[in-house]
Structure formats: C-alpha cells, structure tokens
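**Q** I'd like to ask some things about the structure below.
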C-alpha cells in the first residue's frame, strides 16, 4: 500500500495504537471488526524508538527486485534501514541478533517485521505446496478464511505464549530428517558416473569390434548415431519431465506414471524393472565370457565354456548382491573405483593403436593405422545371416544406461538439476568414445594368428589389405579362423598397450553396469510397489536401513538374473532387453509430448531444450525400431504392456497424480463443448437432459434411479440440492459435501453430476439452478421432481414454493416430470436410524423445505415398528434398480405436449431392466369415432417408430364429474379457500393481503371448467389402472417429435 496522505495515516496509526493500549483483548471482543489488527512498531530495539515511530511517517515499501542479485535465486523486498542487515547476511552468511534470515518464514517475529502487525495469514511458503506424503517435508495446511476471521484471537494468544506453530513443526521434521543419515548424491557421482559406467558396458570391449566387422566403420558409426539419437531424444524428454516438479525415487516408472497416470506407469514400470533385472544377467554373462576366455588361454577350464560361464556368472552376481545390500554408500564408492579403471582402460586402447605392432599381433590382424585397412573395413560385410538391424539390436543395449542416474532419483540431492546435466553429458561423452573406438579399428576382419602365413615372392595376392601388408589370410574364406574383427571378441585387449588393463576395463565395465542395473531394478520395483498399483506386490515395498533399501527387491532381482544367466548366451539376451527398454523410452518420449500437448498450466519444466514434436518423433522411432529389431519380440512386449494396462485400468488404483491424461480429458471435453455450441438444435437430436431435485443423491435414490434410467448414456443428468437457512452454515456444509456426494454417484455407477446452491428460500435456489445449470448446449431441458406427498400437512409457504417451481420451469421453457411412488422417495429417516446419513445434525433446521422432515413424520416413525417401516421404505427406494417383469406402462397422452409424454416411456422400454414392459396408450376421443381415433393414433405412433401393445380411447373425458368427485375436491381445497363472500369487505381485503395465495370464490368459479378435466382424469386413472404402483405425470413445452 502506498500512502497518499502521511498525516492521515499517522493519525490512523495513533488511534489504532491507543485503541490497542486501552483494549488489550481487542481480538477477544465479539463486537470488534473481524479485520481489525494490532499494529506492531517497526523497530523493536527499544521502547523509545517505538514511541518515536508512532508519530512518524509510515515506512515506504520498495518493490520486489527483479535483478540478477544473488544469482537470481534470492529476491528480497527491503524495509528502510534493513538493507544493510540483508547485505551483511548475504556477504558473511551469518545471522546477527538484529538480522533476519530471508527464509525464516516460520518464526513469530517474521510476520511482525514483514507486515508491521500480527497476522494469521501466512506468507508464501513451499510447505503449503507439497504433495501429501512428500519425502522432502510435511505438507502444511493454510489457515482457512474461517480461522482468519473468527479464530484470530486464539492464534494470536497461542503465538504470544510462545507455543509451537506449524512452521516450528516443519523445522523439527526437517531436523529429524537430517539426523536420519540419508545418503544423497550430486549430479557427478549420482548421475554422470552411473550413466557413463552403464553405457560403457560389455559392448564397448567385447562386441564393438564385432559390430564394426559386420557393419563396417561407416554403418557402425550410423548404428552408434542412431542409438544416440534415440537416447538423446529420450534424454531431453526425461530432463523436461524431471524438471517439472519434485522427483521421487522410481526413475522411469515415476516419470511416466506421474505424467501419463498409473495405467501407463504401472504397465511400463513392471516391464522396466524386469528389463533392468535381465540386464544384470547380460552384463554378468559378458564378464563371465571374458573370464572364460582367460581360462581357455591358460587351458584351465573347469567344465566347458557354457557351464563355466554359468558358474562364474553365479558367483559374480552373488558378490554384487552383497555389495548392493551393504548400502548405496558402498555401492557408490565401488562405482567411482570402477570408473577410474574404465577410463584408464579406454586410454590404454587408444595408446595401443599408435604403439608399433609386432609379428604376433600382425598375424592376428593388427597393423596399426593403415589407410587400406580403413578403406576395407569401411563398408559392411554381414555374415551368418546378420543384417543392419540385427547388429543394431545387439548394440542398442549399450545405450540403455542413460536412465541409470534417473533410476535412483530418490537418492539424489537435487534430481531436477542432476538428471538433465548428468544424463546429457554422459550421452555426449560415451558417444564420442564409441565413435572413436569404431574409427580406430586397425584390425582386419579375418586373421589366422599364424606368424608363418606371410606372403612369399611369386604368390598371387587376393587383393586384401592384409595381403598388401605381407600376410596371407585367404584360407579364412574356406575354414574358420580365430582372430580378426569377425572372430575374436578380445580385439581391444590385443590392440591395447597393456593387455591386462583392457581385461581390467572389461571387468570394470561389465561389473559396474551389472551393479547399476542391480540397484536400479529393485529401486524402480520398490517405487512401483509403494504406489500399490499391483496390490499383490506390496510385499516388496518395504525398505530397510537409513536409505530405505529394498532388500526384498534385491532378492527378487537376483532370482531373475540367475534365471537368465543360465541361458549363458549374450546374443540371445540382448534383443529381449532392447525391446523392453525401447518400450520404456517410447513412453517417456510420449509422456513429454502428451504433457506439452495437454497444455496444462502445471507443465512448467525448468529444462527448456525440448520440443513436443521431437519427443513424439522419438516415441514413434522407438516403436519402429522395436519392430525392426525383432517383430515377434515387439509384439510380445506390446501384448504384455497392453495386458498390464487393462489390468491396472480395471483395478482403478486410488491415486491422483495430476497426470497429463487428466489434463487432456479436460481439453477434449472443453473443445467438444465449444464445438457443440456451433451445432444448431434439431428435433431429431432431442434427448431428455434432466435436472433432478433429489437433494443429496443418497436421500432420494429411487428418484435418481428413475431419472438415470432414461438419461444413462443418452442425456445429461444433474442431481441438485438446495441449502436454506443460516448462510454461513449452509455454505460450509455445501462446500464440504460436494466431493463426497459426487464420489457417491461415481461409486454407485450413476452417470450424473451433483450441483448444490445456498439460497434464502427453496424456490429461489431452484430458480437459480434452472437458469445457471449446464454448459453451452449441454443444458437441462427437463425438470424432474418428486410428488409432494405431505402437501396437506405442509405449511402454506412450502406448498407455494412447490407449485411456484412448476411455474418457474415452464417460464424457463423446461419440460416437467413429476414422479410419485406409494412409499415416497425420502429415506433420510432410514439413514438417520442407521447412522449413515451424510447430512448435518441440524438437518431439519437448515433444510425444512427440501427434506420435509416434520414432527408429524418423526412421530409416525416412532409410533410404527421401526424395522417394518425401514424395510418398506428401503424396498421402495430400490425398486427401479431391479429388473421389471412383464408389465404395462400406461401412457395418458390426452393433450399434445410436444411428445415428451410418449418419449420418456419409450426410452424406458429400450433399457435392459424395462425391456419386458409394453406400452399402452390412453387418449381422448368421441364415442362415435372410437375406431377412427385408434387408427389415427396408431398411424401417428408408427410414424414415430414407437411400438405399442394397445390403444384405449377415453370417450367420457368431456363429461361432467360426478358429485362424489366434486365433493372430494371441495373437501381437499377447503383449508386453502378464502370464503370472502361470507365476510365483510374490510375483513376480506385484509385476508387477501395477508394470504394472497388462498383461493377466492371468484377464482374458483373462473377455473371451474379447468378443474373438471382434472377430476375426470383422476376418475379415469383409478378406473383403468387401479393396481398401479407408479404414476408419472408429465408436462412439456412443445418441441415436437420426428
């Protein structure tokens, strides 16, 4: 607030100060204004300063700075004289007695120094925006307006007494969290190191040479770049999703589930966790193959090659399991050591390529950098049925390590900063390394390993590069050889400067990748189980130790890895993993696209280097690559994912993560509603769109059921409730019950909406609903109400409101349906007896018009046998839920009302529960034209394509009612007649003014002719349908059928 006149403000503050001194308990005064506050002096150093401040001009507040001060991370508004305190804090990082911590928004003095007065309303604070159950802190509740308006005195007293506030509890919770000893990693140790180690896996040392031999250097680089393109796009999408809010543990599962919802997240989470478990087996088998090669060279095989791989793999995975179970801290230390070894091994390879070769290495195909070898190896030479995509399928698992850091997102200090930075940098570094190794292939494709296979003078050369370099490996064309890119998986070890370092690098790469996968799989699986998407797997959600380690998940991963280790074939395992990981990548990319396309205001990723269409291309690319790699494996993957998606959708887990799927539902619904407004109404498309005065849906279930019968999957249905009484109490109850009552409709599979209003009277509330309900073309055109059963005992105001609602419906051009059943619709008495009523204890006080709970009805209940009464009422309330037997629906179509009277019963007959009922039509006609009238009506119904069982012509519809009927009518209206003719003029005029709703003698005479058809109709209905159970009286503003 900027003061305009300092003197006026000064006087105001002085008066407030005096008021505070004279009335110390001003907040406890019920007559005080609810917005009154106590002004606190600006400086609290001493009392003298305070007194001076009272008479001085008010402080001038500066606007919030939007400069780059403090690295754009701390923006502060300063008070006069306080800037040096903040500067002292920023420069020294210390908090003096007079200074105030800029983030200290929970102490008592913060509000006093910030606003100059004590206030219950809090300043913006992260604790009010956390998700429920957030691991980063407790979610606090802001004070409601009721607390601010009415409980300010209590809160002020509590603060003055030094009691703990919500902010203090947050500090305690954070201190306890810090004391628990969680191990958190930065972006280098947590993401970059893990991703690099996982990408530099078994493929780099024992398969990349074979890939270059098959595809050549040119296509080999293309394979690497294609895989990099897939992973880079996925990395960008992952970075965007990871920076859009707080990221908890769960990696790819967490990112997908929070973006696309539990259906996609639950299906892909299980597959992704399984893929990581299988990846453990792949990396361990790669390690075991290297060990077996060493044993083979020294002729110390234990059994044979395959079984030795199984034995060594089993021992290795047991050791890795022990490291993982020991905790993330030990696992992280092991990863750093393995990275150092790996980097030394890679450097050793490049150094070896420039060290002059010897005769032994030449015999094995290594000739240093030679242009002829580069030219020969540049083109492809696919053998043994291999092709571009099959080779790509073998290589692609090497790129799947990009999520190694994201998979432990719950163990990162700042996932939003670490995941984008570490993941993208790891992709860049590893891609450069892979391309460098591929280009540095200084080995021919085939070599014998025999130093005597040299070219002698006079020998014809086959034109190969080896021949031009003095070696003849031509016999490799007719018989298998053991060396060369195509035959020897240990080419890098041979080329390197020091062979054992490459072996150590292989051990480091395979073990680090296996260790990362062994940690990732249980972490992802634990996050999936914690969300309880699959209730049967909740057993694995339990964690142990300070880092909540998923020990049970480790054991399960161990079992899965052991099963695939027994296969002992790396080329068999790799394509399976490729499809699983590609499916995960496809959904991550689609999640980013979907979130951007939904245009939700909540989609605000801090990472800006992404594009929704690039993400969509990445998703399609992943799907296409899946089929190209292995079409039947892709089909199996999609089948599994689809099955899990259907399962999760059917189970409907009770979670709400604000997914982009929900946002897109809203966008689609909004677009459809807007598009519908451009479509003009046509009689062909008329459908009953009902607003039903049910009150709370559970109070009048039968009225809801009969309305729902002809609106389900066909039209709009809105269950409405009117709250009357003290406005504050009504609004509070209305707001608190909205979600519950809509949830009741959903739980009971009622396709309807719930709406409520608070009004001064029942009629005013209904009038508001009739005018404002609906959206665009989806507006109610029919009002459905129950028959007022207690109209004889009700007050005049209640009856006037009820009748007035009928007139209001016609004034607003709505159709009218009044439904009556013998027991009535209101079962609130039963719910009260059962103790399950959702209404307030003061129901009869707040809703006297709507629920019609009067003393007479309560006395009736008490006088009857409660069990018998409840049983009959409950049976009546559920009668429309049951299947209706073979019966007849009588339609009294006496006047042309536009067709609603015939349309509603027809819709009932096409419903499953009413399909055995037939239509019987009653209409008026002349005695001498009965058959002709039947033919006319039958012709009309046939044009409307409405089947009927019988047509009855009522011939006595225009005759006078008998004396008994007229006497019954007069007795019925007697309490509502004015009888002004029997009174003097003054008394009659006074009664007219006091009770304008009463029937005068003149009005009775004027409407006598209109009353007669109603009495005749009453007589006819009893004579033709004496055993009726339900009677529906329908009125409609003419709309016409076609």
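Positions of Cβ are set from backbone N, Cα and C atoms, glycine also.
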**Q** Which one of 114-135, 136-157, 158-179, 268-289 shows up in TrEMBL as transmembrane segment?
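**A** Transmembrane segment, as annotated by TrEMBL, spans 268-289.
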**Q** Quick one: sort out which of 531-550, 551-570, 651-670, 671-690 is the transmembrane segment according to TrEMBL.
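**A** It is 551-570 that TrEMBL annotates as transmembrane segment.
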**Q** With the ranges 86-106, 191-211, 359-379, 443-463 to choose from, which does TrEMBL describe as transmembrane segment?
**A** 191-211
**Q** Can you identify, from 31-61, 217-247, the stretch that TrEMBL calls transmembrane segment?
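**A** Transmembrane segment, as annotated by TrEMBL, spans 217-247.
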**Q** Can you say which of 466-487, 576-597, 708-729 is given as transmembrane segment in TrEMBL?
**A** 576-597
**Q** Let's see if you can do this one: DSSP helix, strand and coil counts over the domain 'SLC12A transporter C-terminal' (863-1012), in that order.
**A** 84 helix, 19 strand, 47 coil
